[in-house]
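J.: Dropping a structure here in structure tokens format, bear with me for questions.
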């Protein structure tokens, strides 16, 4: 617990929370960093605070907070009776706001050496991130209680790295290329009608291959729109892969698949080229449609109906 603090920088180093519940309450003008995984986190009555939370197995709940800037990863995210929050989020389920105003969201973007293991300990996949798909329980006609931060927002300008000697010992980076969670555009408006769906099947290097493919395509100017990791059944494969489903059915028993959506003019050809050149020994599915409005890339959205198996 951190309670009743004012004008302080405090935190917990990796291994110090180890999956326990955590409570932050009645803090003002504080910088708070939890560099470990936890069970649930509740933040109550905090004002003008910077808060970083490592992976949270269950829920993160903000209540009656204002003027706070946060970066966090969790299974469930909820905000109630809050105003003016900036949240760089990785969330496995749809984020929820209630009776709140001026809540701004961006994609989680952070790295330190222990973070990948903490995601696993918390039972979270780095690819299941619905950070921009917000549900407002109390919408007001003609008003928008939430928005997305600009795509060029620099996370360190909002959630700065800690300055105390103890917390600086954690080897931190906020560079997008090093982020444990792939940085996606989410529901921001696409700048191209062309999108490409890529599905990587389970194997020894699936995660590494997914990261490599993202790096290659983003490096060539394409955009990562969204990602997902799911266990698929035969009926799921039929819905997503259509006439190619029989080719992939035997691979589904090996484990969850990772789905990636890219956008940008030439995304389909560019992705196919990279897959053929670099991942020729890896089994992947690449959508063939170049028209996001009507083609096979709509298959990505069928993943929304597949229960996560992670």
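FYI, residue positions are counted from 1 along the chain as it appears here.
Placed from the backbone N, Cα and C atoms, the Cβ positions cover glycine too.
Straight out of TrEMBL:
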- 58, 59, 75, 76, 77, 78: GTP binding site (BINDING)
- 1-139: domain 'C-CAP/cofactor C-like' (DOMAIN)
J.: Helix, strand, coil: count each for the residues of the domain 'C-CAP/cofactor C-like' (1-139), based on DSSP.
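T.: Output for the domain 'C-CAP/cofactor C-like' (1-139) reads 7 helix, 73 strand, 59 coil.
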J.: Near the Cβ of residue 75 (GTP binding site), how many other Cβ atoms are there if near means within 10 Å?
T.: 19
J.: Using a 10 Å cut-off, grab the number of neighbouring Cβ atoms around the Cβ of residue 77 (GTP binding site), all chains included.
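T.: Taking all protein chains shown, residue 77 (GTP binding site) has 27 Cβ neighbours within 10 Å.
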J.: For the GTP site (58, 59, 75, 76, 77, 78), what does the 8 A shell look like? I mean other same-chain residues with CB within 8 A of the CB centroid.
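T.: For the GTP site, the extra neighbours are 40, 56, 60, 61, 74, 91, 93.
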J.: Can you tell me how many other Cβ atoms are located within 10 Å of the Cβ belonging to residue 76 (GTP binding site)?
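T.: So the Cβ neighbour count for residue 76 (GTP binding site) comes to 17.
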J.: Within the domain 'C-CAP/cofactor C-like' (1-139), what mean pLDDT does the predicted structure show?
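T.: Per the prediction, mean pLDDT sits at 97 for the domain 'C-CAP/cofactor C-like' (1-139).
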J.: Which is it, of 58, 78: the one of these binding-site residues whose Cβ has the most other Cβ atoms within 10 Å?
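T.: Top count of Cβ atoms within 10 Å goes to 78.
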